[in-house]
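**Student:** Pasting a structure here, questions to come.
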Amino acid sequence: MTLVDRLRGAVAGMPRRLVVGAAGAALLSGLIGAVGGSATAGAFSRPGLPVEYLQVPSAAMGRDIKVQFQSGGANSPALYLLDGMRAQDDFNGWDINTPAFEWYNQSGISVAMPVGGQSSFYSDWYKPACGKAGCTTYKWETFLTSELPQYLSAQKQVKPTGSGVVGLSMAGSSALILAAYHPDQFVYAGSLSALLDPSQGMGPSLIGLAMGDAGGYKAADMWGPKEDPAWARNDPSLQVGKLVANNTRIWVYCGNGKPSDLGGDNLPAKFLEGFVRTSNLKFQDAYNGAGGHNAVWNFDANGTHDWPYWGAQLQAMKPDLQSVLGATPGAGPATAAATNAGNGQGT
């Protein structure tokens, strides 16, 4: 019996309210990682791109953090691409599942893909992040807003401010929160298929289930109990006023759970996208209500919780990113042997 069959059987005959809650809990707890999440065609960029594998010191986390990096040229702006809940420790999901480095080669934008951070929400946790693999320190916000930009500025001639940040699923809300609290660094934030009201309703409980499944982590170690102010602090729908006041350029995408020819025609991918769509519409209402006028909204007539849709959005936003960040297309090394290459599949 497949995972999807077990899910169908478990909810058969249940009242609709309980079906939605149970299915949402199951899917948000990581089943998408097991039965969905197909890669974009041509995943991993072609060999010969100037991609480097950096080991960036982090005093906040007490270790070096691997960052996949492609230069956009001297004094170029940066684009930080953040991974999903099941982020791996070998490569960033954007590289595993899409040819993102190839798409942005010669774009005038330096691309930085931090590696790791499973279930982290790219946040500074209250407590050590203890999971199935042991305990570590998660201070991702500090790393992304202080340590990494300082390193890239000093070592790679990347502008430390005026950057963009784009995340999918878990990291979509993270991208908006990073921009809300660090407006000089992140003038552009993209959220793709994210839950944008995580502190509200069943959000804390579902996130706790998801983190438990994706690595065995505890949400309370991250932001405390659901009544803790950290939950509201990291809720984009409650911090939308900051994005409006900052005049941050935002790009928000969410499908409706109906697959297109891009793929993702499986129950978890379809259900999860439909599940998070409501929070995206709610966020749009809050943004407009706060007087926001610097947003791109892509609420498509199709789209499931899957990489081909996120890859299409990253390609679509490229001209907008270049314009907002002031990139100079054509800047940066055209081709080079990858530094410390490790995946043998292109980067």
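Note that the numbers count up from 1, one per residue, in the order the chain is shown.
Any Cβ shown, glycine's included, is placed from N, Cα and C.
From Swiss-Prot, for reference:
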- Ser169: active site, nucleophile (ACT_SITE)
- Glu273: active site (ACT_SITE)
- His305: active site (ACT_SITE)
- Met85, Arg86, Ser169, Asp197, Phe275, Val276, Arg277, Thr278, Lys282, His305, Asp306, Trp307: substrate binding site (BINDING)
- Cys130-Cys135: disulfide bond (DISULFID)
- 101-111: region 'Fibronectin-binding' (REGION)
- 326-347: region 'Disordered' (REGION)
- 1-43: signal peptide (SIGNAL)
**Student:** Mean pLDDT, the region 'Fibronectin-binding' (101-111)?
**Tutor:** 98
**Student:** What is the total of other Cβ atoms whose distance to the Cβ of His305 (active site) is within 10 Å?
**Tutor:** 29
**Student:** What are the DSSP helix/strand/coil residue counts across the region 'Fibronectin-binding' (101-111)?
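**Tutor:** Result for the region 'Fibronectin-binding' (101-111), in helix, strand, coil order: 4 helix, 2 strand, 5 coil.
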**Student:** Using only C-alpha positions, which one of Cys135, Ser169, Glu273 is spatially nearest Met85 (substrate binding site)? These are the recorded positions in the record.
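**Tutor:** That would be Ser169, nearest by Cα distance.
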**Student:** Let me make sure I understand the span of the substrate site: among Met85, Arg86, Ser169, Asp197, Phe275, Val276, Arg277, Thr278, Lys282, His305, Asp306, Trp307, what is the greatest distance between any two Cα atoms, in Å?
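**Tutor:** The two farthest binding residues have Cα atoms 26 Å apart.
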**Student:** Of the recorded positions Cys130, Cys135, Lys282, which one sits closest to Glu273 (active site) when you measure Cα to Cα?
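**Tutor:** The smallest Cα gap between Glu273 (active site) and any of the recorded positions is with Lys282.
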**Student:** Looking only at DSSP and grouping its letters into three states, which state does Phe275 (substrate binding site) belong to?
**Tutor:** helix
**Student:** Looking only at C-alpha atoms, tell me how far His305 (active site) is from Arg277 (substrate binding site), rounded to the nearest Å.
**Tutor:** 11
**Student:** I need the nearest neighbour of the residue listed as 'active site, nucleophile' among the recorded positions Cys130, Phe275, Lys282, using C-alpha distances.
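**Tutor:** Nearest candidate: Phe275.
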**Student:** Cα distance, Lys282 (substrate binding site) to Cys135 (disulfide bond), nearest Å?
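**Tutor:** Checking the Cα atoms of Cys135 (disulfide bond) and Lys282 (substrate binding site) gives a distance of 36 Å.
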**Student:** Between the Cα atoms of Asp306 (substrate binding site) and Cys130 (disulfide bond), what distance do you get, rounded to the nearest Å?
**Tutor:** 28
